[in-house]
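Q: Pasting a structure here, questions to come.
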Amino acid sequence: MSSDEEDFNDIYGDDKPTTTEEVKKEEEQNKAGSGTSQLDQLAALQALSSSLNKLNNPNSNNSSSNNSNQDTSSSKQDGTANDKEGSNEDTKNEKKQESATSANANANASSAGPSGLPWEQLQQTMSQFQQPSSQSPPQQQVTQTKEERSKADLSKESCKMFIGGLNWDTTEDNLREYFGKYGTVTDLKIMKDPATGRSRGFGFLSFEKPSSVDEVVKTQHILDGKVIDPKRAIPRDEQDKTGKIFVGGIGPDVRPKEFEEFFSQWGTIIDAQLMLDKDTGQSRGFGFVTYDSADAVDRVCQNKFIDFKDRKIEIKRAEPRHMQQKSSNNGGNNGGNNMNRRGGNFGNQGDFNQMYQNPMMGGYNPMMNPQAMTDYYQKMQEYYQQMQKQTGMDYTQMYQQQMQQMAMMMPGFAMPPNAMTLNQPQQDSNATQGSPAPSDSDNNKSNDVQTIGNTSNTDSGSPPLNLPNGPKGPSQYNDDHNSGYGYNRDRGDRDRNDRDRDYNHRSGGNHRRNGRGGRGGYNRRNNGYHPYNR
């Protein structure tokens, strides 16, 4: 590198890099837009101002640079011819560059404002500052609108309060006098029963300033010997936006103020109510906290148990009463809907409850299809047959009424064949097991349905049922003896045998008077003794 080039770089070397850096910085700032932070923008502005100051300095040094160029050109003339030609070409190029640089500097100086900065660059810089500010507010507005929608707006009734737990004898004058020490009471009303005119135990109160409401909710209040419960009045259209939790397991030494301060870390509290004993003034172990949004409730309910003053307290969501009623009703309806999804339709919820309150169903849950209904009817028949065998009573009429009721409850399902007859399933089961068909004589001796006066007999081919003995009819000695079962030594049978012996004794006496009786009608085989037949 020649000395001329070194001198040129020393004088004008910072000009080109500076201008290129300016263009690059401006392009980067235009591309970055809202993505650059304010700190980066300030740094870019400082760099821009410093570069502009450097641009102004070459204008003042143009004369000195021209003189130096003339000196260098004169020194070059002392060399060889080749050197002169090369130096002349270099000087020509340098002059061209110098003229272009000076023209740019003059243009910048002419376009500079009062402060010495170019208007175009100032406008670009200002636009860079304005773009983030113009874009950031919409994002902030979106987040703010979301929060405003999720939070309850209490500004409509910020001066109104709900007063609960009032004494029956508390009047509006007493209530106004008590709360008048917290501020000017503008409106007050105690709700009364329209029929009796007696107080319903709660009312509403309005102050002139919201600060009075803030003072009231900080402390506990006792009026006419009873602890009252003043709360902020929440508009009906804002109640769904609020969230309430139940807190249990609170220590007896916890005070209302520290209770509220502890739960304020999860959100803005509308009302914090720690239940206190009116006699001792200590905590009763539970309380309620109302937040201005449901998001705060979600945050505090992430853990079921929280440490508070060296104790584990329990956190639950507190639902309003009308929501609890809806959930209970939905639970009952879901039960009916589940049965409907299985293929059946009970018509309404009342029929569903009526069917499951029937003791004959015994927890049996039928599937609503023909095969399941057939199995259900068969199960009902077996149940009534078992009851007949245990009690000795005829349940045919009761069974038919039950079947008719089931037919009315489910009109869409046809009754299976022989559903109204009680004895048919048992006979069919005997036939399928291979037992012989009963004859007329067997039916006279023992039927499947036991009635009063007949003794139940079991077939030797089938295992006997382990059922309790029911009431028995009069003994038939001859039938028992012929069938091989022997004598029945039951006490009830002995009492019946005594009556039978009395009858036989009288009949035997009549035969003796006719000359054909034996021993006065007394039958030794009866093995009994009657006191009136001596």
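Keep in mind that glycine also has a Cβ here, set from the backbone N, Cα and C atoms.
Heads up, here are the entries from Swiss-Prot:
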REGION    1-154  region 'Disordered'
MOD_RES   S2  phosphoserine
MOD_RES   S3  phosphoserine
COMPBIAS  13-30  compositional bias 'Basic and acidic residues'
COMPBIAS  37-78  compositional bias 'Low complexity'
MOD_RES   S51  phosphoserine
COMPBIAS  81-98  compositional bias 'Basic and acidic residues'
MOD_RES   S87  phosphoserine
COMPBIAS  99-112  compositional bias 'Low complexity'
COMPBIAS  121-144  compositional bias 'Low complexity'
COMPBIAS  145-154  compositional bias 'Basic and acidic residues'
DOMAIN    159-241  domain 'RRM 1'
MOD_RES   S206  phosphoserine
REGION    316-354  region 'Disordered'
COMPBIAS  336-354  compositional bias 'Low complexity'
REGION    415-534  region 'Disordered'
COMPBIAS  420-459  compositional bias 'Polar residues'
MOD_RES   T458  phosphothreonine
MOD_RES   S460  phosphoserine
COMPBIAS  460-475  compositional bias 'Low complexity'
MOD_RES   S462  phosphoserine
COMPBIAS  478-505  compositional bias 'Basic and acidic residues'
MOD_RES   R519  omega-N-methylarginine
COMPBIAS  523-534  compositional bias 'Low complexity'
Q: Where does S51 (phosphoserine) sit in DSSP terms: helix, strand, or coil?
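A: Looking at the DSSP assignment, S51 (phosphoserine) belongs to a helix.
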Q: Round to the nearest Å and give the CA-to-CA distance linking S51 (phosphoserine) with S206 (phosphoserine).
A: 66
Q: Looking only at the domain 'RRM 1' (159-241), what is the mean pLDDT?
A: 87
Q: Taking the Cβ of S206 (phosphoserine) as the centre, how many other Cβ atoms fall within a 10 Å radius?
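A: A 10 Å sphere around the Cβ of S206 (phosphoserine) contains 18 other Cβ atoms.
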Q: Would you list the DSSP helix, strand and coil counts for the residues of the domain 'RRM 1' (159-241)?
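A: Summed by class, the stretch gives 24 helix, 32 strand, 27 coil.
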